[in-house]
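Student: My structure is below; once you've seen it, I'll send some questions.
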Amino acid sequence: MADSKGYISKTELETHKKPDDLWISIQGKIYDVTQWSHHHPGGPLPLLNLAGQDATDAFIAYHPGIAWQYLDKFFTGYYLEGYLVSDISKDYRKLAVEFSKMGLFDKKGHGTCILLTIIALLFFICVYGVLCCDKTWVHLCCGGLMGFLWIQSGWIGHDSGHYTVMSNKNLNRLAQLLTGNCLAGISMGWWKWTHNAHHIACNSLDFDPDLQHMPFFTVSSKFFNSITSAFYGRKLNFDSLTRLLVSYQHWTFYPVMCFARINLFAQSIILLLSKRKVPNKGQEIFGILVFWTWYPLLVSLLPNWYERVMFVVVSFAVTGIQHVQFCLNHFSSSVYVGPPNGNDWFEKQTDGTLNISCSSWMDWFYGGLQFQVEHHLFPRLPRCHLRTISPFVKELCKKHNLAYNCASFWKANAMTIETLKSAALQARVLTNAVPKNLVWEAVNTHG
């Protein structure tokens with residue numbers, strides 16, 4: 001138990017990591033956030049994943065300076081015994097302070113307003129093309145524009161979940177609903193729930209939902225043991241069907257990505273229909289209903305079933321590019337099993353991410369994902385500044401002998417396919433349940 005000096009040991013702190021008994025340490029001070037977890041804007045999951053340990057670096061990454069003043073009401077009066085800060089954490093915190101002094105977290109530019117205008121224009125062109133033109137090729141181009149529109153709206157949805165992209169929180173929420181729920185059919189509540197978990201537990205096989213894609217994909221043979229997902233609260237069974245699909249995953253990756261949008265639709269609807277608490281659930285449901293009103297109606301106005309099907313396929317396939325981009329940043333990076341550790345925050349974030357090298361004129365295409373390392377370290381930073389801070393992050397990695405992972409778009413694709421192929425071949429060796437054939441043997445012959 002705590003001694004008379006008001007200190008508790010690391011071992012005792014680790015016992016306070018349950019939903020009804022949730023303590024964390026920030027800069028050596030112990031806070032009881034059990035009740036606050038039910039009201040935490042990021043949801044209870046990030047707090048639970050970091051419960052019973054030091055969470056200083058994560059707190060700095062996700063909270064503006066004004067948040068520090070609210071901590072006192074959760075202070076237990078205890079301090080962490082033997083609290084030490086690693087050299088890399090010291091440097092990371094100094095860097096965060098410097099960026100704050102430079103005003104980078106507050107300078108958002110006009111990119112969002114410009115992008116919203118472009119999205120509105122693209123939407124008008126798509127609707128006009130469907131209603132006022134009778135050429136098949138025009139309709140197919142409109143389907144492609146719709147997919148491109150969804151990609152760009154996805155960047156706004158992503159950014160608005162990390163920081164306020166508009167002038168105030170109400171307009172930011174409106175931008176979220178319009179670009180996410182209404183325009184793209186994806187619940188922002190679902191996205192924030194999964195994305196916060198991904199950032200906190202970057203590339204943890206059992207805590208990061210962005211790596212849990214069974215039965216279609218696995219990035220590690222550790223999934224063959226049917227590990228339990230801490231995020232979904234259920235066992236990820238590696239059964240015969242999963243083994244079959246995984247054995248061919250390096251071939252099916254791109255085709256599946258063309259229709260990955262369907263999974264996002266399904267996950268959004270499942271969450272909103274569940275009993276899980278979702279902030280502003282009524283707004284979320286309304287936005288999804290808006291999407292499932294205008295999109296099927298627009299498709300139905302096409303002259304025949306061939307064009308309707310092709311319009312949907314093309315729009316899904318084009319937006320599949322974005323789903324591929326999401327995978328490139330993490331699939332080929334280092335993975336681990338278990339909860340995130342607040343004491344190696346910087347190391348885990350850099351080790352589990354991959355940057356994509358590109359010229360500045362291509363930044364619109366990647367939406368900030370090309371600087372995934374920087375984004376994971378400073379998720380509140382507007383993406384217009386990610387290129388600016390990149391040299392500082394690279395220098396910090398070099399100073400502490402940490403890898404700063406970066407590859408070209410094509411190299412990142414090759415690395416991802418190689419990761420999937422490696423797991424696929426291991427799945428085939430695991431059992432003879434998946435029959436091999438001469439084509440497979442020829443393609444996978446080594447030497």
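Numbering starts at 1 and runs along the chain as it is shown here.
Placed from the backbone N, Cα and C atoms, the Cβ positions cover glycine too.
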Student: Looking at the ranges 137-158, 401-422, which is given as transmembrane segment in TrEMBL?
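Tutor: Based on what TrEMBL states, transmembrane segment spans 137-158.
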Student: According to DSSP, how is the domain 'Cytochrome b5 heme-binding' (5-80) divided among helix, strand and coil residues?
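Tutor: Looking at the domain 'Cytochrome b5 heme-binding' (5-80) with DSSP, the answer is 29 helix, 21 strand, 26 coil.
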Student: List, by number or range, the same-chain residues at least 6 past the transmembrane segment (111-131) whose CB is under 8 A from its CB atoms?
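Tutor: Here the qualifying positions are 138-139, 141-142, 145-146, 148-149, 152-153, 155-156, 159, 165-166, 175, 179, 183, 298, 301-302, 311, 382-384.
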Student: Can you tell me which parts of the same chain pack against the transmembrane segment (137-158), counting only residues 6+ beyond its ends and a CB-CB cutoff under 8 A?
Tutor: 112, 115-116, 118-119, 122-123, 125-126, 129-130, 165, 175-176, 179-180, 183-184, 186, 188, 191, 195, 261, 302, 307, 310-322, 367-368, 383
